[in-house]
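A.B. asks: Please read through the structure below; I'll follow up with questions.
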Amino acid sequence: MLSLPRSLARARPLVPSRHIHSQHRTTSFGFKTIPEESKESLVKHVFDSVASSYDLMNDASSLGVHRLWKDAFVSTLKPGRKGPLRCIDVAGGTGDIALRILDHARESYADRETTVDVLDINAHMLKEGFTRFKKTMYHNTPQVSFHEANAQDMPHSLFKDDSYDLYTIAFGIRNCTSIPAVLKEAHRVLKPGATFACLEFSKVNNPLFSTLYDQYSFSIIPLMGTILAGDRESYQYLVESIRKFPSQPVFAQMIREAGFATGGDRDGGAWTDLWGGIACIHTAVKL
Ligand SMILES: C[S@@+](CC[C@H](N)C(=O)[O-])C[C@H]1O[C@@H](n2cnc3c(N)ncnc32)[C@H](O)[C@@H]1O
């Protein structure tokens, strides 16, 4: 059993409810089709394996571009502009988005009251994030807290209905077994009128760019995984999982089906493409 820092709250339910219902369903794990109940442990294995090299690999595999996308994501949301926010960053990993939210609120609006609860299913990823936050001014303040929990089944006692102003999830939702279950939980914890925002890899629409991107992804990224992290398979999974994620309009429709309002089905409406759709920001409002 991994021992967590005391301030990493454990919030894992003993029996995730979907296990009761999911015995005969299948889902994707990269390009493989697997029983739904196996995905969580396989994904956990991936992030256990990559946790210590995650930030380095993110920089190497995206040539630093993930930083620009994350900056654009948080700038779009303007946390702090209308006063302090209560935020939850789900699948928050090593805390990249949480740190940006707090920095943006402080640097742009002199806001030191916005808070972020970072939630992730993986204790190793959270531990990396916790260690990283120790070097920041937010450590040991009420502005940030870390919670080990499943995005699909957040404990109601800790993550109450109608309690957050902003829900963010970056490069996390495609790793979850059930996207609708994640969206349902997002809707539950947000206040009416509050914002859901997702940054995720998406579909590249230009065929030439798509071919070049595929060649880069499937040859270079697993190779970098081997060289920098000694782990080809986990990075192969990460690339494959991107291709299995729903296209922009399909994901926008899933968001609406969870009870959110979105803009129209186009770039600049329900979503904003980044780099021709390699990544994409989806925003929505809880009705
Ligand atoms: C690619 S990382 C993204 C981390 C961070 N948001 C970022 O942008 O750098 C995906 C994260 O999703 C987490 N994750 C996967 N399934 C999850 C689930 N069901 N509930 C919560 N977190 C989950 C993983 O543990 C991992 O930390």
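Here the Cβ of each residue, glycine as well, is placed from N, Cα and C on the backbone.
Marked as S-adenosyl-L-methionine binding site by TrEMBL: THR94, ASP120, ASN150, ALA151.
If you look at the structure here, what lies around each of the features I listed?
C.D. replies: There are 24 other Cβ atoms within 10 Å of the Cβ belonging to THR94 (S-adenosyl-L-methionine binding site).
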A.B. asks: Which of the three DSSP-derived classes (helix, strand, coil) applies to ASP120 (S-adenosyl-L-methionine binding site)?
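C.D. replies: Looking at the DSSP assignment, ASP120 (S-adenosyl-L-methionine binding site) belongs to a strand.
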A.B. asks: What's the longest C-alpha separation between any two of THR94, ASP120, ASN150, ALA151, the listed S-adenosyl-L-methionine-binding residues, in angstrom?
C.D. replies: 16
